[in-house]
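Taken from TrEMBL as is:
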type	residues	note
ACT_SITE	H177	active site, proton acceptor
ACT_SITE	D349	active site, proton donor
DOMAIN	145-428	domain 'PKS/mFAS DH'
REGION	145-275	region 'N-terminal hotdog fold'
REGION	288-428	region 'C-terminal hotdog fold'
Amino acid sequence: MTGTLAKEEELTSPDYWARHIREAVRFHDGIRHLVGRGVKTFVEIGPDGVLTALAQETLEAEQRDDSVAIALQRRDRPEPETAVSGIGALLLRAAGGAHIAAFFAGTGAARRALPTYAFQRDRYWLDVPATRGDAAGFGLSPVGHPLLGASVTVARGGEVLLTGRVSLRTHPWLADHTVSGAVLLPGTALLELAARAGEQVGSGHVEELTLANPLVLPAGGSVQLQVSVGAADASGARSLEVYARPDDGEFAGDGAGAEWVLHAHGSLVVADGAVSGEGLVVWPPAGVAEVDLAGAYERLADLGYGYGPAFRGLRRVWRGEGELFAEVVLPEGVREEAARFLLHPALLDAALHTLLPGVADEDRVPMLPFSWAGVTLHATGASVLRVRIAPAGSGSDTVSLLVADGVGVPVASVDSLVLRPLSKDAVRAAAGVGREGLFPMAWSEVAEAVTAPDSTNWAALGCWPGDDSIASYPDLDAIARAGADTVLWSLAGDTGSRGLEGEAISGLARVEISRALERVQAFLGDVRFEGSRLVVVTRGAVEVVSG
């Protein structure tokens, strides 16, 4: 009616709508008014494009080449194709109001990821089941253990050597045990290796086992294991050493590959065969207070202990007079493997989570198993444990363990377990950080050119923060009149994004992207710049240095 925006009280007035029927509609003035307010995209939602044609005439009369009118329906054209064409035109102009997802809702159409690019480091190898060769065919004795495949008695000296190979492909549950970001073979797995080696030679009691170096499992490839059991001395004791090295290939010779690293050493003796009469039948014990475990694994993650589903077996914990009691269940994904182990490493490791800070005692410092002594297995294949943890020395770093199954029958006993503080440097050194590290994206420094480029025919669009020798112009028309060959446009100015977050900053990003797209399209569509080059300059668009 007026060619300007209607007021709220007008839209609710009967007189206004009566005038709307009787008087002329100043459509041309209305479009001009919106153009003056910065509107550049006009969308007609109706049965035809009559108003679109009228709006386009007004835009042409106003010489607004940067504006457009779009109709979503045409009387003589199919509705779906016309609507899609209109929405596509809106998307081309980066119009924030075009929601393509809503248009395709209910049709079954879905977004698809773009093809990957070089160095994205996605893995496409087919996973095939791990196969083991016939140990007997190589002159070896099969061991039949998930971590050890074969054994051989050395001809001279009576030494027995057990070998195996582990990887995150063949033993995926190990990936759920990380310390300081590295996948570590748990100390309970090294104890399992020692106990199985002792069983192989008839010396099933682990008299002592000390962990020497962390064993980090690589993300790709496998690790070779060797468990060396010495000949029995006069008392029947045998020395034990556990070595490992990266596997350089199935057909690498004995002289090839990385050096062997000692990860544990100790001694084995013949078990006396007696089963402790002490069990944990009464459960939970009398006079204990239950500990709230809510958020325990999240707190452990903050301290550098990353436990995935296979190692999250701690179900309940009670605190008694100087003792701790824990109930542990092997998670469903690995429970079927329990019978193949003497005592599944993930199950015993979960029991030791009771000793970590933030579980039963907030004041504990982060520690890992360091030395085991007096370890006897009374039963094998358990998937549920009851565990009593009691002090075994003057300090809080040494404990004893009594382990029973789900009905209280003894499974294992540990006379002494010594804990040591977590050494992140040792973990990083074992992981070989720098040798097999990740590859971040970074800028490559380019040497300064010997001769500076000729900038005599350069022009800057808008404010130019660089060299004063480059002339600045307010718009493309001014640059076209100047006849510049190279146009510099800086996006390094302040966009007002400081302090914004969430929807506010994403909305600002859409505005800036739309502005940039419009200007680039205007440059490319202007015949006056057919022989010119547009250089868009950014600053801080990609984080170069962390922080």
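The backbone N, Cα and C atoms fix where each Cβ goes, and this holds for glycine too.
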Handout entry: Proximal but sequence-remote residues of the same chain as H177 (active site, proton acceptor) (Cβ under 8 Å, at least 6 apart)
Key = V183, L184, L185, P186, G306, Y307, G308, A310, F311, A346, D349
Practice task
For D349 (active site, proton donor), list the number of other Cβ atoms lying within 10 Å of its Cβ atom.
Solution key: 22
Completion exercise
DSSP output for the residue listed as 'active site, proton donor' maps to helix
